[in-house]
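As recorded in Swiss-Prot, the features of this protein are as follows:
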type	residues	note
BINDING	47-52, Arg129, Ser137, Tyr192, 226-231, 256-258	3'-phosphoadenylyl sulfate binding site
BINDING	Lys105, Thr106, His107	substrate binding site
ACT_SITE	His107	active site, proton acceptor
Amino acid sequence: MNSELDYYEKFEEVHGILMYKDFVKYWDNVEAFQARPDDLVIATYPKSGTTWVSEIVYMIYKEGDVEKCKEDVIFNRIPFLECRKENLMNGVKQLDEMNSPRIVKTHLPPELLPASFWEKDCKIIYLCRNAKDVAVSFYYFFLMVAGHPNPGSFPEFVEKFMQGQVPYGSWYKHVKSWWEKGKSPRVLFLFYEDLKEDIRKEVIKLIHFLERKPSEELVDRIIHHTSFQEMKNNPSTNYTTLPDEIMNQKLSPFMRKGITGDWKNHFTVALNEKFDKHYEQQMKESTLKFRTEI
(Lines of atoms letter the chains of each structure in order from A; the text may use other names.)
(Lines give C-alpha, C1' and ligand atoms only; values in the text may rest on other atoms or scores of the structure.)
Protein backbone atom coordinates (compact mmCIF):
# COMPACT_ATOMS: atom_id res chain seq x y z
CA MET A 1 0.00 0.00 0.00
CA ASN A 2 2.87 2.34 0.83
CA SER A 3 4.24 2.13 -2.68
CA GLU A 4 0.82 3.29 -3.95
CA LEU A 5 0.95 6.28 -1.59
CA ASP A 6 4.52 7.01 -2.68
CA TYR A 7 3.42 6.87 -6.30
CA TYR A 8 0.72 9.53 -5.92
CA GLU A 9 2.88 11.66 -3.63
CA LYS A 10 4.58 13.16 -6.70
CA PHE A 11 1.41 14.11 -8.55
CA GLU A 12 -1.64 16.30 -8.17
CA GLU A 13 -4.79 16.67 -10.22
CA VAL A 14 -5.48 19.79 -12.24
CA HIS A 15 -9.00 19.94 -13.70
CA GLY A 16 -9.28 16.19 -13.18
CA ILE A 17 -6.00 15.32 -14.93
CA LEU A 18 -2.98 13.93 -13.08
CA MET A 19 -0.01 16.29 -13.31
CA TYR A 20 3.41 16.84 -11.74
CA LYS A 21 3.02 18.58 -8.38
CA ASP A 22 5.71 21.15 -9.24
CA PHE A 23 3.76 22.17 -12.35
CA VAL A 24 0.42 22.47 -10.53
CA LYS A 25 1.89 24.76 -7.89
CA TYR A 26 2.17 27.55 -10.47
CA TRP A 27 -0.80 26.58 -12.63
CA ASP A 28 -2.30 30.09 -12.58
CA ASN A 29 0.72 31.30 -14.58
CA VAL A 30 0.10 28.64 -17.22
CA GLU A 31 -3.61 29.42 -17.54
CA ALA A 32 -2.92 33.16 -17.78
CA PHE A 33 -0.23 32.71 -20.45
CA GLN A 34 -0.50 35.25 -23.25
CA ALA A 35 -0.08 33.75 -26.70
CA ARG A 36 0.96 35.80 -29.72
CA PRO A 37 -0.68 35.33 -33.14
CA ASP A 38 2.53 34.00 -34.71
CA ASP A 39 3.21 31.45 -31.96
CA LEU A 40 3.46 27.84 -33.11
CA VAL A 41 2.43 25.13 -30.65
CA ILE A 42 3.92 21.64 -30.76
CA ALA A 43 1.61 19.42 -28.72
CA THR A 44 2.07 15.74 -27.91
CA TYR A 45 1.24 13.19 -25.25
CA PRO A 46 4.55 12.46 -23.46
CA LYS A 47 6.97 10.06 -25.18
CA SER A 48 5.45 10.43 -28.64
CA GLY A 49 8.38 11.94 -30.56
CA THR A 50 8.21 15.52 -29.25
CA THR A 51 11.94 16.23 -29.52
CA TRP A 52 12.10 14.76 -33.02
CA VAL A 53 9.28 16.83 -34.51
CA SER A 54 10.50 19.91 -32.57
CA GLU A 55 13.94 19.71 -34.16
CA ILE A 56 12.41 19.25 -37.62
CA VAL A 57 10.25 22.35 -37.10
CA TYR A 58 13.16 24.37 -35.72
CA MET A 59 15.22 23.47 -38.78
CA ILE A 60 12.40 24.62 -41.05
CA TYR A 61 12.33 27.94 -39.16
CA LYS A 62 16.11 28.29 -39.55
CA GLU A 63 15.98 27.28 -43.24
CA GLY A 64 18.09 24.20 -42.66
CA ASP A 65 20.99 25.95 -40.91
CA VAL A 66 22.42 23.18 -38.71
CA GLU A 67 24.76 25.53 -36.83
CA LYS A 68 21.84 27.71 -35.72
CA CYS A 69 20.15 24.58 -34.40
CA LYS A 70 23.23 23.76 -32.33
CA GLU A 71 23.58 27.22 -30.77
CA ASP A 72 21.55 26.19 -27.73
CA VAL A 73 19.86 23.14 -26.23
CA ILE A 74 16.40 22.34 -27.53
CA PHE A 75 14.61 23.08 -24.24
CA ASN A 76 15.87 26.67 -24.45
CA ARG A 77 15.11 27.06 -28.17
CA ILE A 78 11.62 25.56 -27.77
CA PRO A 79 10.52 26.12 -24.17
CA PHE A 80 8.24 23.64 -22.43
CA LEU A 81 5.21 25.79 -21.56
CA GLU A 82 3.88 24.17 -18.36
CA CYS A 83 7.25 22.99 -17.03
CA ARG A 84 8.17 24.49 -13.68
CA LYS A 85 10.83 23.28 -11.27
CA GLU A 86 11.29 26.04 -8.69
CA ASN A 87 14.25 28.09 -9.94
CA LEU A 88 15.59 25.47 -12.33
CA MET A 89 12.96 25.52 -15.07
CA ASN A 90 10.21 27.98 -15.87
CA GLY A 91 8.60 27.56 -19.29
CA VAL A 92 6.23 30.52 -18.96
CA LYS A 93 9.06 32.90 -18.01
CA GLN A 94 11.29 31.62 -20.84
CA LEU A 95 8.53 32.17 -23.39
CA ASP A 96 7.57 35.60 -22.03
CA GLU A 97 11.15 36.77 -22.50
CA MET A 98 11.47 35.33 -26.00
CA ASN A 99 11.28 37.24 -29.27
CA SER A 100 8.67 36.25 -31.85
CA PRO A 101 8.11 33.97 -33.62
CA ARG A 102 8.07 31.51 -30.72
CA ILE A 103 7.76 27.74 -30.86
CA VAL A 104 5.99 26.39 -27.79
CA LYS A 105 6.24 22.79 -26.55
CA THR A 106 3.39 21.34 -24.51
CA HIS A 107 1.94 17.99 -23.47
CA LEU A 108 -1.40 19.50 -22.50
CA PRO A 109 -4.71 18.16 -23.79
CA PRO A 110 -6.67 20.81 -25.72
CA GLU A 111 -8.97 21.62 -22.79
CA LEU A 112 -5.97 22.61 -20.63
CA LEU A 113 -4.14 24.61 -23.30
CA PRO A 114 -4.21 28.30 -22.29
CA ALA A 115 -7.25 29.98 -23.86
CA SER A 116 -5.15 32.68 -25.52
CA PHE A 117 -3.76 30.15 -28.04
CA TRP A 118 -7.30 29.51 -29.30
CA GLU A 119 -8.23 33.20 -29.14
CA LYS A 120 -5.18 34.17 -31.21
CA ASP A 121 -5.87 31.32 -33.67
CA CYS A 122 -2.30 30.01 -33.37
CA LYS A 123 -1.13 27.16 -35.56
CA ILE A 124 -0.71 23.85 -33.74
CA ILE A 125 1.16 20.68 -34.68
CA TYR A 126 -0.01 17.56 -32.85
CA LEU A 127 2.10 14.42 -33.06
CA CYS A 128 0.80 11.13 -31.69
CA ARG A 129 2.23 7.64 -31.39
CA ASN A 130 0.67 4.23 -30.81
CA ALA A 131 -0.24 3.58 -27.17
CA LYS A 132 1.89 0.47 -26.66
CA ASP A 133 5.16 2.11 -27.70
CA VAL A 134 4.25 5.21 -25.66
CA ALA A 135 3.68 3.04 -22.57
CA VAL A 136 7.10 1.39 -22.98
CA SER A 137 8.88 4.69 -23.50
CA PHE A 138 7.04 6.33 -20.57
CA TYR A 139 8.06 3.43 -18.30
CA TYR A 140 11.76 4.03 -19.04
CA PHE A 141 11.25 7.77 -18.63
CA PHE A 142 9.88 7.14 -15.12
CA LEU A 143 13.02 5.16 -14.31
CA MET A 144 15.50 7.83 -15.37
CA VAL A 145 13.94 11.22 -14.68
CA ALA A 146 13.93 12.74 -11.19
CA GLY A 147 10.54 13.62 -9.76
CA HIS A 148 8.97 10.32 -10.81
CA PRO A 149 8.00 7.63 -8.32
CA ASN A 150 9.08 4.04 -8.79
CA PRO A 151 6.85 2.78 -11.63
CA GLY A 152 6.87 -0.77 -10.26
CA SER A 153 7.05 -3.66 -12.71
CA PHE A 154 6.22 -3.05 -16.35
CA PRO A 155 2.79 -4.78 -16.10
CA GLU A 156 1.99 -2.66 -13.01
CA PHE A 157 2.90 0.49 -14.89
CA VAL A 158 0.83 -0.52 -17.93
CA GLU A 159 -2.17 -0.92 -15.61
CA LYS A 160 -1.70 2.67 -14.41
CA PHE A 161 -1.24 3.84 -18.00
CA MET A 162 -4.49 2.15 -19.05
CA GLN A 163 -6.35 3.86 -16.21
CA GLY A 164 -4.86 7.28 -16.98
CA GLN A 165 -3.02 7.30 -13.65
CA VAL A 166 0.11 8.85 -15.15
CA PRO A 167 1.10 12.49 -15.75
CA TYR A 168 -1.18 14.10 -18.37
CA GLY A 169 -3.85 11.52 -17.70
CA SER A 170 -5.46 9.19 -20.20
CA TRP A 171 -3.62 8.66 -23.49
CA TYR A 172 -6.97 7.69 -25.03
CA LYS A 173 -8.69 10.95 -24.08
CA HIS A 174 -5.65 13.00 -25.10
CA VAL A 175 -5.38 11.64 -28.63
CA LYS A 176 -9.15 11.63 -29.19
CA SER A 177 -9.53 15.26 -28.05
CA TRP A 178 -6.71 16.42 -30.31
CA TRP A 179 -8.07 14.32 -33.19
CA GLU A 180 -11.27 16.38 -33.00
CA LYS A 181 -9.22 19.60 -32.98
CA GLY A 182 -7.28 18.28 -35.98
CA LYS A 183 -10.31 18.97 -38.17
CA SER A 184 -9.33 22.65 -38.11
CA PRO A 185 -6.98 23.84 -40.90
CA ARG A 186 -4.91 25.53 -38.13
CA VAL A 187 -4.06 22.15 -36.60
CA LEU A 188 -1.79 19.63 -38.31
CA PHE A 189 -2.30 16.11 -36.94
CA LEU A 190 0.68 13.78 -37.46
CA PHE A 191 1.55 10.18 -36.62
CA TYR A 192 4.97 9.08 -35.36
CA GLU A 193 4.62 5.91 -37.41
CA ASP A 194 4.19 7.96 -40.61
CA LEU A 195 7.39 9.87 -39.83
CA LYS A 196 9.23 6.57 -39.36
CA GLU A 197 7.83 5.16 -42.60
CA ASP A 198 8.21 8.14 -44.94
CA ILE A 199 10.04 11.03 -43.31
CA ARG A 200 10.40 12.94 -46.59
CA LYS A 201 6.65 13.06 -47.15
CA GLU A 202 5.99 14.25 -43.57
CA VAL A 203 8.75 16.89 -43.63
CA ILE A 204 7.28 18.33 -46.85
CA LYS A 205 3.84 18.33 -45.20
CA LEU A 206 5.30 20.31 -42.27
CA ILE A 207 7.06 22.79 -44.57
CA HIS A 208 3.78 23.47 -46.41
CA PHE A 209 1.85 23.82 -43.14
CA LEU A 210 4.40 26.41 -41.98
CA GLU A 211 4.00 28.23 -45.30
CA ARG A 212 7.62 27.79 -46.34
CA LYS A 213 8.92 26.62 -49.71
CA PRO A 214 10.34 23.09 -49.82
CA SER A 215 13.54 22.50 -51.75
CA GLU A 216 15.22 19.13 -52.18
CA GLU A 217 18.36 20.44 -50.49
CA LEU A 218 16.42 21.70 -47.45
CA VAL A 219 14.47 18.46 -47.08
CA ASP A 220 17.65 16.34 -47.41
CA ARG A 221 19.43 18.41 -44.78
CA ILE A 222 16.51 18.16 -42.35
CA ILE A 223 16.23 14.40 -42.84
CA HIS A 224 19.94 13.91 -42.17
CA HIS A 225 20.18 16.24 -39.16
CA THR A 226 17.04 14.85 -37.48
CA SER A 227 17.82 11.16 -37.98
CA PHE A 228 17.76 9.17 -34.73
CA GLN A 229 21.53 8.59 -34.74
CA GLU A 230 22.36 12.26 -35.38
CA MET A 231 20.01 13.44 -32.63
CA LYS A 232 21.20 10.78 -30.18
CA ASN A 233 24.78 12.06 -30.62
CA ASN A 234 23.83 15.75 -30.57
CA PRO A 235 24.18 17.44 -27.14
CA SER A 236 21.64 20.10 -28.13
CA THR A 237 18.91 17.45 -28.57
CA ASN A 238 19.87 14.45 -26.41
CA TYR A 239 19.45 16.13 -22.99
CA THR A 240 22.94 15.04 -21.86
CA THR A 241 23.59 18.62 -20.68
CA LEU A 242 21.17 18.00 -17.79
CA PRO A 243 22.85 16.74 -14.59
CA ASP A 244 22.31 13.13 -13.47
CA GLU A 245 20.20 14.28 -10.52
CA ILE A 246 17.59 15.57 -12.99
CA MET A 247 17.92 12.98 -15.76
CA ASN A 248 20.05 9.93 -15.13
CA GLN A 249 20.89 8.59 -18.57
CA LYS A 250 23.05 5.84 -17.05
CA LEU A 251 19.75 4.18 -16.12
CA SER A 252 18.19 4.65 -19.55
CA PRO A 253 19.17 7.02 -22.37
CA PHE A 254 16.72 9.81 -23.23
CA MET A 255 17.09 8.79 -26.89
CA ARG A 256 16.52 5.10 -26.28
CA LYS A 257 15.51 3.32 -29.50
CA GLY A 258 13.26 5.55 -31.58
CA ILE A 259 11.54 2.65 -33.31
CA THR A 260 8.01 1.42 -33.87
CA GLY A 261 7.13 -1.97 -32.41
CA ASP A 262 9.48 -2.07 -29.40
CA TRP A 263 6.39 -2.94 -27.32
CA LYS A 264 6.75 -6.52 -28.61
CA ASN A 265 9.88 -6.85 -26.45
CA HIS A 266 7.95 -5.84 -23.31
CA PHE A 267 4.32 -7.01 -23.52
CA THR A 268 3.64 -10.65 -22.64
CA VAL A 269 0.87 -12.41 -24.57
CA ALA A 270 -1.49 -12.09 -21.57
CA LEU A 271 -0.71 -8.40 -21.01
CA ASN A 272 -1.13 -7.70 -24.71
CA GLU A 273 -4.55 -9.39 -24.78
CA LYS A 274 -5.68 -7.43 -21.74
CA PHE A 275 -4.40 -4.18 -23.24
CA ASP A 276 -6.07 -4.82 -26.62
CA LYS A 277 -9.43 -5.51 -24.97
CA HIS A 278 -9.26 -2.29 -22.94
CA TYR A 279 -8.00 -0.34 -25.98
CA GLU A 280 -10.94 -1.47 -28.07
CA GLN A 281 -13.38 -0.27 -25.40
CA GLN A 282 -11.71 3.12 -25.15
CA MET A 283 -11.36 3.74 -28.89
CA LYS A 284 -14.48 2.10 -30.35
CA GLU A 285 -16.35 5.39 -30.86
CA SER A 286 -13.39 7.12 -32.53
CA THR A 287 -12.39 7.21 -36.20
CA LEU A 288 -8.76 7.56 -35.10
CA LYS A 289 -6.67 4.54 -36.13
CA PHE A 290 -3.08 3.69 -35.16
CA ARG A 291 -0.48 1.29 -36.47
CA THR A 292 1.53 -0.67 -33.90
CA GLU A 293 4.04 -1.85 -36.49
CA ILE A 294 5.23 -0.65 -39.88
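Backbone N, Cα and C atoms are what each Cβ position is placed from, and that goes for glycine too.
Taking the features listed in Swiss-Prot, we show where each one sits on the structure.
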| residue | record | CB count, 10 Å |
| --- | --- | --- |
| Lys47 | 3'-phosphoadenylyl sulfate binding site | 20 |
| Thr50 | 3'-phosphoadenylyl sulfate binding site | 22 |
| Lys105 | substrate binding site | 24 |
| Thr106 | substrate binding site | 24 |
| His107 | substrate binding site | 22 |
| Arg129 | 3'-phosphoadenylyl sulfate binding site | 26 |
| Thr226 | 3'-phosphoadenylyl sulfate binding site | 24 |
| Gln229 | 3'-phosphoadenylyl sulfate binding site | 10 |
| Arg256 | 3'-phosphoadenylyl sulfate binding site | 17 |
Distance [Cα-Cα, Å, rounded] between Thr106 (substrate binding site) and Thr226 (3'-phosphoadenylyl sulfate binding site): 20
For the substrate site built from Lys105, Thr106, His107, further residues of that chain with CB within 8 A of the site's CB center: Val41, Ile42, Ala43, Thr44, Thr50, Phe80, Leu81, Glu82, Val104, Leu108
Distance check against His107 (substrate binding site) for the binding-site residues Thr50, Arg129, Thr226, Arg256, keeping those with Cα within 10 Å: Thr50
Integer Å distance between the CA atoms belonging to Lys105 (substrate binding site) and Arg129 (3'-phosphoadenylyl sulfate binding site): 16
DSSP three-state assignment for Gln229 (3'-phosphoadenylyl sulfate binding site): helix
In three-state DSSP terms, the structure that Thr50 (3'-phosphoadenylyl sulfate binding site) belongs to: helix
